[in-house]
Amino acid sequence: MHEMSLAEGVLQLIEDAARKDHFAKVTTVWLEIGQLSGVEPEAMVFCFDAVTRDSVAQGARLEIMTLPGTAWCMACAETVPMAEVFGQCPQCGGYQLQVTGGTEMRVKELEVE
């Protein structure tokens, strides 16, 4: 389950921000996760709850926003939506696709006290 190490990385970012900006508690974390990232949102919530115990983010609500997958189709010369990494172009049926979006994961915003 790679979500555990990802959740630990998110907590590290939060703790670094808490030291830098002098806040004591995080109440909400907004996390953007790309549809093609391979991250399971339910597993991420579970792991986040586990790793944030006894931290500035203990009890924080994790809000996950899913970013759509996109790719550049070399045959169509168009940006197209993608539901899976090795899918085919919805316009021409081709497989010459370069993923351009939906693989990222980032902390978008923190609500703090």
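For all residues, glycine too, the Cβ spot is worked out from N, Cα and C.
Residues or ranges marked as Ni(2+) binding site by Swiss-Prot: His2. The Zn(2+) binding site annotation in Swiss-Prot covers Cys73, Cys76, Cys89, Cys92, and the record cites sequence analysis as its basis.
Shown on the structure are the features that Swiss-Prot records.
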residue : record              : DSSP (3 states)
His2    : Ni(2+) binding site : coil
Cys73   : Zn(2+) binding site : strand
Cys89   : Zn(2+) binding site : coil
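Each residue contributes its Cα atom, and for Cys76 (Zn(2+) binding site) and His2 (Ni(2+) binding site) those atoms are 35 Å apart. If you draw a 10 Å sphere around the CB of Cys76 (Zn(2+) binding site), it holds 16 other CB atoms from the protein chains shown.
The Cβ centroid of Cys73, Cys76, Cys89, Cys92 marks the Zn(2+) site; residues of that chain outside this set whose Cβ lies within 8 Å of it are Met74, Ala75, Glu78, Val80, Pro90, Gln91, Gly93, Gly94, Gln96, Leu97, given in sequence order. Across the structure, Cys92 (Zn(2+) binding site) and His2 (Ni(2+) binding site) place their CA atoms 34 angstrom apart. You'll find the Cα of the residue listed as 'Ni(2+) binding site' roughly 29 Å from the Cα of Cys89 (Zn(2+) binding site). Cys73 (Zn(2+) binding site): 21 other CB atoms within 10 A of its CB, across all protein chains. Sequence-distant contacts of Cys89 (Zn(2+) binding site), defined as residues of its own chain at least six apart whose C-beta falls under 8 angstroms from its C-beta, comprise Ala71, Cys73, Ala75, Cys76, Val80, Tyr95, Gln96, Leu97. All protein chains included, Cys92 (Zn(2+) binding site) registers 14 other Cβ atoms within 10 Å of its own Cβ.
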